[in-house]
Amino acid sequence: MASGARNGGGGLGSRTTAKMDRQQGSTATPKAPAGKPRLSAAGGGAYRRTSSGPLPAAGAGGGRNSSESGVSSRVRVAVRLRPRNAEEQAADADFADCVELQPELKRLKLRKNNWESDTFEFDEVLTEFSSQKRVYEVVAKPVVESVLEGYNGTVMAYGQTGTGKTFTLGRLGDEDTAARGIMVRAMEDILADITPETDTVSLSYLQLYMEMIQDLLDPVNDNIAIVEDPRTGDVSLPGATVVEVRDQKSFMDLLRIGEAHRVAANTKLNTESSRSHAILMVNVRRAVKGRSEMNVSMSAENGHSSSMMDSLRPPIVRKSKLVVVDLAGSERIDKSGSEGHTLEEAKSINLSLSSLGKCINALAESSAHVPVRDSKLTRLLKDSFGGTARTSLVVTIGPSPRHRGETTSTIMFGQRAMKVQNMVKLKEEFDYKSLCRRLDIELDKLIAENERQRKYFDDEIERITAEAQYRVAEAEKECKVSLENEKMKYHQEYLDSIKILEEKWKVHQQSPKKQIKEESTSNGDVQDLLQNEKMLRQSAEDESNDLKNQLSHWKKMEATATAEVVRLRRMLDTEASQKDKLEEEIAVLKSQLMQLSLDADETRMSLDTGDGPGKIFPGLDSLMSHSRNSQPREQSNGPKAPVAKLFEQVGLQKILSLLESEEPDVRVHAVKVVANLAAEEANQEKIVEAGGLTSLLMLLRSSEDETIRRVAAGAIANLAMNETNQDLIMAQGGVTLLSMTASDAEDPQTLRMVAGAIANLCGNDKLQTRLRGEGGIKALLGMVKCGHPDVLAQIARGIANFAKCESRAATQGNKVGRSLLVDDGALPWIVKNANNEAAPIRRHIELALCHLAQHGYYSFSLTQLK
């Protein structure tokens, strides 16, 4: 017998590590004395235990193309029993089933006759009553979680024709959602876990028919070649159609197209028997948000240059592949009634399944040669058995004793597969294309900014040059006008002097005697006038020289202005270089702030989603507990958390001031840091004293950015865990702002944050009347229309808190009359969701009903609603 540890069906947020696998031999009942090993009454047996070891951490690899060493992981095998169909119920009514299941012991008994039976053990034993959800959780969900962590995974179904392989894997569930198969449920979990902005999911849907690989999404492509990498040995199908999937609806459409093109036929064993092996390949490409501690330490050691190198480091991506294989059923020709072309199909199917069985036998026996190349099916599944993928196999069997031989063959195939060991490896690589695109965008921005700066400098120089030329021209013009005026003035004076002399000479001619008498006097006057004229002329020449000197001075000033222009140009170049340095420093600071914010986001997002008593960000409770338990070790051995270091180095006031930054990215990262700080009880009082609560409410009131409003609401929800802070939130109109945000928001995560904040306020006895008066309860009920499970869980928690406070007040005699919840119409919704499938919602609803039912006044209303 063979047995393995059972994995629980935990949520996608929880990452499972590899469990201890058990391997056993096969045993028989104590009936036959033929020397077969018997199973003791105590249930003992010979067990061999092997450990697959823990899977490598999500951050392992450090930017390598793939992890250098793998971890051994055994193939997990589950067996599923199909219930009797109408034909078997009529034909085998007088015969007991040939199979007896013991699911609690993970055992299967195969009856040989009425007295003797063989017992086998599997990793999981699924009865005919097991739901599709149960099958998915125990068979495929651990593989899907490994794929989301970066490992390859395979889920495969093997069994006789008509035992439910296609029902288990490929059922679409259009009529009944509970009947959805592994393909649909696996894609739902993958799409729910990825980040659309950074991660991509693509798929190919193929069928192996008559040893030809055909594309189910493009039937024209009917002979696809298999290509193997000579270096790594990886198998790829470059000719297959690859479609990127963004949502579940598009995936379902692709699945319907593929199912419509798949080959099926009507046989005696199955009216819709698959005549080909269907292979769904889902490729997941995820960005790695990590390496923060390494980057921080390198930046601290190397300074500014290391920070610049961090900004140029290419992002790391993880590529993983999920392969879901719906094998065609093994069949015997005499029982299936195949003939003609159907007979040829059956031969091809049995041949490929036989090749697969040979490979499994060789791997189980650790044979030196594994006949992988005997069939295209074994070449495609090379990585699934003995390769690097984590593999789960579900073998399907029927209960009819008529097919005991086929059932025995199927069970033995599963037993041999449990002995196969795979080496699980994590594959990472650098995303140089993303880095190149980002650097090209930054380069284009810098080039455009440089062109704008150059244009501005050239325009400024032209303006200064034109102004200097204008001033020089004006000075020359003034000098010329002044010189002309002086010349005209002196010329006029000269003419006036000549005229006076001529008049005197005429008078002297008319009176010669008098002239003779006055000759000496006149000569003296003439000499005086001549002397004055010489002096005036000398003065005019001096003034002319002064004007020439002034002109020379203006020319020197022009040269000086030109030199000043050159100096200003040099100053502009210096200022430009300083501005470039400052811009580089600002970019470095922004990258550091963004890196720290991303570290905080990664710490928050990498933890499990939980329903804490009041914290909205998932995983903060476990994070705080871990930080308390490991505080002494961190103080002695390692650096502090990135958010704590940012808090100590930058200061709370500086972080709060960034909330008013004009750049949206800075505000987003700043409010994320404040939200993460608010998750610590020790920081809440400091944040409120520094005005952080007022700033968060202002962001909630004024910001139109959905991310800022979501994170701000989450920070307010964390602050609302403190009773003192609850009074401040109410006093500053926080409930009204939260109600307005709830009515405007459409994002479920924003609504979850708002509902969590109001739910925390509902737990305060003193605030219930004010909370209801300001529309808190109606806002909480108004978010029901979102329908998101996380939002409904927070609404249910708020109603439970409110009902608990009312119950306590009624017990103490402080409250009488109807419940405020009943007045606001919450009771019908409470009763409607009392049986909700989500455990957190149901738990809170039950608690609320318990508190409401403690008083006879409400018991009547509850009874009527029931």
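Here, residue 1 is simply the first one shown, and the rest follow in order.
Cβ atoms here come from the backbone N, Cα and C positions, even for glycine.
Worth saying up front: this structure is predicted, and the values here are computed from it rather than measured.
In the three-state DSSP scheme, Thr166 (ATP binding site) is classed as helix. According to TrEMBL, the feature ATP binding site maps to Gly159, Gln160, Thr161, Gly162, Thr163, Gly164, Lys165, Thr166.
Under the heading coiled coil, TrEMBL lists 530-599.
If you look up TrEMBL, you'll see 1-13 marked as compositional bias 'Gly residues'.
According to TrEMBL, the domain 'Kinesin motor' annotation covers 74-420.
Among the features that TrEMBL reports, region 'Disordered' is placed at 1-72.
Within the model, the repeat 'ARM' (650-692) carries an average pLDDT of 80. Feature annotation from TrEMBL assigns repeat 'ARM' to 650-692 (among others).
According to TrEMBL, the feature repeat 'ARM' maps to 691-734 (among others).
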Tally of residues which DSSP labels helix, strand or coil - the repeat 'ARM' (650-692): 35 helix, 0 strand, 8 coil
Once the chains shown are all counted, how many other Cβ atoms turn up within 10 Å of the Cβ of Gly164 (ATP binding site)? 23
According to DSSP, which kind of secondary structure is Gln160 (ATP binding site) found in, if we only use helix, strand and coil? strand
